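What follows is a short report on a single structure.
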Amino acid sequence: MSQTYPASDEFIARAHVNAAQYEEMYAASVSDPDAFWAEHGKRIDWIKPFTKVKNTSFEFGNVDIKWFEDGTLNVAANCIDRHVATRGDQTAIIWEPDDPKTPARHISYTELKDEVSRMANVLKAQGIGRGDRVVIYLPMIPEAAYAMLACARIGAIHSIVFAGFSPDALANRINDCGAKAVITADTAPRGGRRTALKSNTDKALFDCSDKVKCFVVKHTGDQTTWIDGRDLDLKAMMAEASTDCPPEEMGAEDPLFILYTSGSTGRPKGVVHTSGGYLVYASMTQQLTFDYHDGDIFWCTADVGWVTGHSYIVYGPLANGATTIMFEGVPTYPDAGRFWEVCAKHRVNQFYTAPTAIRALMGQGTEWVEKHDLSSLKLLGSVGEPINPEAWNWYNTHVGKGRCPIVDTFWQTETGGHMITALPGATAAKPGAATKPFFGVQPEVLDPATAEVQTDTAAEGVLCIKDSWPGQMRTVWGDHERFMDTYFSQYKGYYFTGDGCRRDADGDYWITGRVDDVINVSGHRMGTAEVESALVAHEAVAEAAVVGYPHDIKGQGIYAYVTLMNDQSPSEELRKELVKWVRTEIGPIASPDLIQWAPGLPKTRSGKIMRRILRKIAENDYGALGDTSTLADPSVVDDLIENRMNRG
Ligand code: WTA
């Protein structure tokens, strides 16, 4: 039995949801979802109230997901305007810059309304309106939040591209969603260094329609190129714009944003989230999972380029009238105490980060934590990958001082918000377990081979979800077939997460990691196929196969097997060049950690690469290769083992 860590009696007494309430509400949420969500759908403001609640089908070939479909609302009005009357002077966003010597900024709800309205008016004046797509390629600056909310205000659909992605990745996304405009900044300071976002955008726009407008936030003032007629100085235009911009009345099922994410095959998919259900779900999970109370200071350390930043820096907290922190920097700049310094400085109450950050900081020693006053912390959260017990214990002891509940939140870009997580007043934490489903979420463990639903409480298999919840993605942008194929074809009648899991005898869920060709590097999702296609685009490469392997800090590292063209020979320079190549093709997060020169790859007689074998060799577990008799040429395996790169 694993040790459990319940919250203190005092915490439980104040919590929004205790154990008895969780049981009762959960039962209601699955026995009568219509009644449950009709009630909780009222947590946001509707222009025209919905009369229909749930209208969803997981039937393969016919997948259709609608929530609150006849209601109308405006998401930005929910995140801003409705708070202005009651808490206009309250800080909505605390912006903490990369350089700690630069003062933080406190943006009140009233200021947020003015800034967002100004930006919305600028976009409108350039012909952007309902249903148009706007790509946002910005660092963690207030303008990123303004841009999201400005789009929401006028009914445009935003698609954020993480500022660490390359010009190619940016161009692909601009083209895939047919964006009318991109919003970027001159340069982005991060960890004392600067990323040239505008120059990346210039490169990307070479491969896009010349109609795409480019709004530039002059953030650092660094010099950039400027193309008259295409490039627009966003801050200067905002200064001239009116603060009056009435929010558009949008349908609950109108798209709010597209966010590209990696899958097993092909290019990243544009995950589409809509307005009503997403906002209900993001706000409810932010309030209940983190036990957020009015006046608390909430800090999610993610980047707005990922879904975690969408739901738990911007939409969830702001819909709840919270104070949310936006941090431009990195955990180790100027030193390994930065996170804790920021917690102390802003008296943070809930702190939400990823295991990879915890592991990196853990390696720097406890003195960095002990230097800072962390007495304001009430709760800690984890997201992005399973948290290993060492990291959990360190987080609990040194950051939470043994008095802050830890919520390990399992969810995905596709799910919009938390799926399996403790609710701190209701569920005792178990290090490494995501524990229990959120309201309305019905997890099932299926046998991966037979697709049989495991009925025993203690079970292991793949994680599927039986019915829809309001935050679920609705489609893949422009490709509903791909949506159905990716998530609903393997296990008929279920949403398939792509993750493996174990349910213990207490009914708690433990996520065991992806069962497909997606790897999780420092909490970032990466498709092995994407890295492979970047590698084979290099002229020296004939063939490449990429797998994940265990990595102490990153969780998983990227291991690439590369077969060179006949006229090429392996060298250290070429290895470096390939790493650099992948960084420019996709971005630094996709850099291979290890490249092994492979004279041949293990293939079946029909030519299919046997990834199972490559994974085992990369894991340094070559004693357990299993059946290799179906290989066309078993001798290639000996060579791969002989020259393996990970001997740790
Ligand atoms: C993994 C991030 C274990 C999982 C919100 C999932 C986790 C993928 C956890 C989604 C967790 C996320 N425990 N694994 N608490 N949270 N994952 O789309 O493999 O970037 O499928 O969304 O991250 O990654 P994504």
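Note: Cβ is positioned from N, Cα and C throughout, glycine not excepted.
Keep in mind that this is a model prediction, so the values were computed, not measured.
Summarising the annotation, TrEMBL assigns domain 'Acetyl-coenzyme A synthetase N-terminal' to 22-79. Confidence in the domain 'Acetyl-coenzyme A synthetase N-terminal' (22-79), given as mean pLDDT, stands at 98.
As annotated by TrEMBL, domain 'AMP-dependent synthetase/ligase' applies to 81-468.
There are 20 other CB atoms within 10 A of the CB of SER522 (CoA binding site), with all protein chains counted. Residues or ranges marked as CoA binding site by TrEMBL: ARG190, GLY191, GLY192, ARG193, THR308, SER522, ARG583.
Classification of THR409 (ATP binding site) by DSSP places it within a strand. Residues within less than 8 Å, Cβ to Cβ, of THR409 (ATP binding site) and separated from it by at least 6 positions along the same chain comprise THR289, TYR352, GLY381, SER382, VAL383, HIS418, ILE420, THR421, ALA434. Residues or ranges marked as ATP binding site in TrEMBL: GLY384, GLU385, PRO386, ASP408, THR409, PHE410, TRP411, GLN412, THR413, ASP499, ARG514, ARG525.
When DSSP labels each residue, the domain 'AMP-binding enzyme C-terminal' (530-608) comes out as 24 helix, 27 strand, 28 coil, counted as helix, strand and coil in that order. Residues or ranges marked as domain 'AMP-binding enzyme C-terminal' by TrEMBL: 530-608.
Look at TrEMBL and you will find VAL536, HIS538, VAL541 tagged as Mg(2+) binding site. Spatially close to VAL536 (Mg(2+) binding site) yet at least six residues away along the chain are ALA542, GLU543, ALA544, judged by Cβ distances under 8 angstroms.
Annotation comment: TrEMBL describes LYS608 as N6-acetyllysine. Around LYS608 (N6-acetyllysine), no same-chain residue at least 6 positions away in sequence has a Cβ under 8 Å from its Cβ.
Of all the Cβ atoms in the protein chains shown, 18 others lie within 10 Å of the Cβ of ARG514 (ATP binding site). In the three-state DSSP classification, THR308 (CoA binding site) falls within a helix.
Closeness to ligand 1 is met by THR308, PRO386, THR413, these being the recorded positions among GLY192, THR308, PRO386, THR413, LYS608 whose Cβ falls under 6 Å from the molecule. Checking Cα-Cα distances from THR413 (ATP binding site) against the binding-site residues (GLY191, GLY192, ARG193, THR308, HIS538, ARG583) with a 10 Å cut-off leaves THR308, in sequence order. Binding residues for CoA (ARG190, GLY191, GLY192, ARG193, THR308, SER522, ARG583) extend across at most 24 Å, taking the greatest CA-CA distance. Least packed by the Cβ count within 10 Å, out of the binding-site residues THR308, THR413, is THR413. Nearest neighbour of VAL541 (Mg(2+) binding site) by Cα distance, taken over the binding-site residues ARG193, THR308, TRP411, ARG514: ARG514.
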